[in-house]
Amino acid sequence: MKTLYSLRRFYPVETLFNGTLALAGRDQETTGFAWWAGNARLINLSGKLLGAHVAHAGLIVFWAGAMNLFEVAHFVPEKPMYEQGLILLPHLATLGWGVGPGGEVIDTFPYFVSGVLHLISSAVLGFGGIYHALLGPETLEESFPFFGYVWKDRNKMTTILGIHLILLGLGAFLLVFKALYFGGVYDTWAPGGGDVRKITNLTLSPSIIFGYLLKSPFGGEGWIVSVDDLEDIIGGHVWLGSICILGGIWHILTKPFAWARRALVWSGEAYLSYSLAAISVFGFIACCFVWFNNTAYPSEFYGPTGPEASQAQAFTFLVRDQRLGANVGSAQGPTGLGKYLMRSPTGEVIFGGETMRFWDLRAPWLEPLRGPNGLDLSRLKKDIQPWQERRSAEYMTHAPLGSLNSVGGVATEINAVNYVSPRSWLATSHFVLGFFFFVGHLWHAGRARAAAAGFEKGIDRDFEPVLSMTPLN
């Protein structure tokens, strides 16, 4: 195998440890990395690194399958998913499996199948990981040159990038095919309170799809997170899948241009840093999506968004007080603004009170009551349906607030229930993970750039106190 750089440049940081725990070819002396530096020991051992990655995939898929079955075993069909702390079943339900009108679960068998399929897949991946980590060839370059690589071989690296892009594109098309041909997906906007339907009229107009990317991220704009109909979501996946596949073919067939060869650092640690940066961005976008978007993440499964719960409370009390004889169109609140209804700065009729800040919420239970200028007073007086009242009362008491072991919802709300919304879990976890991955990107990018510049030497360990201590064994 070709040696890439001098070993000193390739293993820039010196780490010492008790050498008797060594595995042949993967110890401190031969790799420059101690056992706790994990896969860094495998930088030049493509076969062993393959084993580590396949085993890691096995762990991920095992978690998915085991957690899936755990949620199925604990699932109570009479309660909404978001009251049961579920995070996987809502994803399956959103894809249209096992649910009917209104998001009611009518069959849990597809969820069981999903869990079992993931468990079986994880066993295959686990076996492959153990095989390649312990039994398979240490390097792939000699026996399987197609799967071998040298980190600084720019052409090979972009070929690998291309293969990954094609796989991502195929993944995007899996959702498209599910929505178009295999039973459809759950649409929270379906008339009468949501239902599973096949998507027939895809949005493929580039001005609409790419218009989302050009929107402001603030206020009522909301960038791509503001998408609120499934035609746009599935059409966006057609575009994304096509771009990924075409880009993948491009990267397989071409070599990097001179500017790219000069601008980028071409080492294993550099690629790691690029990947961490990308995953960090995905994490931050996912955080915003699950927190604000009630189309891709229907409130029937994930609970209401924060703005949705707030608007639901205003709506619930408007309904109550209107029944008690209040004139909701003219009643004045304590600040002199409308108590139930007021006008936004641009003239729309919106809910009054503290929830005015969420005036641009769109939700399936509320939209039928809007007219051309915001909320329609005559519809509010004559057209409110029982299902809208029930749903808003339910969402009012399930605000995605609250911390662990706290009463979910507004702390002063006597009807709130003790739960933590899956939106809180998923948004918080993805924000925190996105941040950690960003720090990992900075760390590995800094090391990769320093190694490429040739001045990273690591910490001088000659006078470390631990060197004078008795070995652990």
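Including glycine, each Cβ sits where the backbone N, Cα and C put it.
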Look up transmembrane segment in Swiss-Prot and report which of 17-39, 178-200, 339-361, 408-430 it refers to.
178-200
Quick test of your reading of Swiss-Prot: among 97-121, 447-471, where does it put transmembrane segment?
447-471
When you get a sec, could you say which of 291-312, 379-400 is annotated transmembrane segment by Swiss-Prot?
291-312
Checking 44-68, 69-93 against Swiss-Prot, the stretch recorded as transmembrane segment is 69-93
What count of other C-beta atoms do you get within 10 angstroms of the C-beta of Glu367 ([CaMn4O5] cluster binding site), across all chains shown?
11
Long-range Cβ neighbours of the transmembrane segment (69-93) (under 8 Å; 6 or more residues past either end)
99, 103, 105, 108, 110-112, 114-116, 119, 186, 297-298, 300-303, 394, 398, 417, 419-423, 425-426
